[in-house]
Amino acid sequence: MSSNYTVNCLLDSVAKSLSEGPFWEPVTKTLYFVSIFEGEVHLWNEPNNYHSTVKVSEQPVSFVIPCQSGGFLAGAGKSIVHCDWQAGELKRRVLHEVDPELSNRFNDAKCDPAGRLLAGTMSLETNAGAIMKPNAGSLFGLDLCGSIKTMETGVSLSNGLGWHGNTFYFTDSPVRTIYAYDWDAEGFSISNRRVAIDFSKLPEQEKLGFPDGLAVDADGRLWVACFYGSRVLCLDPQSGQVVSQIPMPVPNVTSCCFGSDGELFVTTANQWGVRDGEQPPPQAGSIFRVTGLDGIRGTPSVMYKGSLPPISD
């Protein structure tokens with residue numbers, strides 16, 4: 001990777017708590033992301049340099065995925081909801097609710113190359129991002145017909161999803177591990193879990209924090225946001241080693257996605273890691289844009305391609 005990259009603040013301190021889940025839509029050149037604990041979905045349109053916000057839920061909203069048929073999917077609490085604009089008003093309906101007997105919520109989510117949604121859960125935070133109950137989360141798959149199934153269980157904090165060829169990557173943040181699975185596209189299933197990246201075995205691992213959201217480039221390398229780690233790491237999952245890293249000006253880096261021409265959009269948090277009485281560092285909770293990543297080809301964000309009927313009143 002060229003060392004001539006540039007990190008620019010795109011939207012300054014836009015999230016009061018935790019910006020997450022960036023999604024780049026290349027046709028309209030629009031960046032989607034969420035502010036989790038405000039229950040908000042954000043859109044930034046590049047041609048107009050226009051930023052807008054919509055309140056989706058009183059519950060935490062952890063991901064946003066545009067739908068090919070219109071509107072978008074969001075994780076609201078432990079529900080997957082479909083939202084759309086009708087006559088200037090946001091309409092929403094619940095498609096599925098999961099983990100009915102657990103105090104859980106959705107966290108990270110992505111669509112596979114075929115446009116099916118994978119979304120993981122976690123136990124609700126108590127304070128300072130602590131996990132209330134380890135191994136309480138699961139990974140769910142929403143197919144193109146709108147049916148849901150459980151794909152993995154026993155996850156503490158579902159995070160960082162991505163694909164390269166026949167391999168699926170999935171992160172459990174508290175155990176500082178990114179797992180690889182065999183990906184069965186036809187059967188819409190995963191198997192043969194193994195460790196791809198163990199953060200505890202990386203050089204200077206004590207400075208790297210926890211693996212959070214990730215993006216996969218066209219060569220199969222993982223670009224991983226480091227919560228408490230102030231950086232995005234580029235990792236080779238075959239060797240398990242660090243290829244390069246991009247230092248960020250804030251401590252809590254939450255996720256990233258590729259835009260056009262190799263650029264990288266990076267979300268961050270505006271809380272945690274701050275002592276009582278202290279203010280978060282400048283630009284915490286901002287959206288950053290990394291350009292000048294010469295030779296890097298990112299894999300695009302994928303919309304949900306299932307067929308969803310219009311939302312009725």
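Even glycines carry a Cβ here, placed using N, Cα and C.
The active site, proton donor/acceptor annotation in TrEMBL covers Asp212. Counted within 10 Å of its Cβ, the other Cβ atoms near Asp212 (active site, proton donor/acceptor) come to 28, all protein chains included.
Counted within 10 Å of its Cβ, the other Cβ atoms near Asn159 (divalent metal cation binding site) come to 28, all protein chains included. Annotation comment: TrEMBL describes Glu20, Asn159, Asp212 as divalent metal cation binding site.
Its Cβ taken as reference, Asn107 (substrate binding site) is surrounded by 26 other Cβ atoms within 10 Å in the chains shown. Annotated substrate binding site per TrEMBL: Arg105, Asn107, Glu125, in sequence order.
Model confidence over the domain 'SMP-30/Gluconolactonase/LRE-like region' (18-270) is summarised by a mean pLDDT of 94. The feature domain 'SMP-30/Gluconolactonase/LRE-like region' is assigned by TrEMBL to 18-270.
Counting only same-chain residues at least 6 apart in sequence, those with a Cβ under 8 Å from the Cβ of Arg105 (substrate binding site) are Gln59, Pro60, Ser62, Gly75, Gly77, Lys78, Thr121, Met122, Leu124. Neighbours of the divalent metal cation site: apart from Glu20, Asn159, Asp212, residues of the same chain with C-beta atoms within 8 angstroms of the site's C-beta centroid are Gly21, Asn107, Asp108, Gly160, Thr171, Ser173, Gly213, Ala225, Phe227, Thr254, Ser255. Sequence-distant neighbours of Glu20 (divalent metal cation binding site) (same chain, 6+ residues apart, CB-CB distance under 8 A): Phe33, Val34, Ser35, Ile36, Ser62, Phe63, Asp108, Gly213, Thr254, Ser255, Thr267.
Between the CA atoms of Asn159 (divalent metal cation binding site) and Asn107 (substrate binding site) there is a gap of 7 Å. Distance between Cα atoms for Asp212 (active site, proton donor/acceptor) and Asn107 (substrate binding site): 11 Å, as a whole number.
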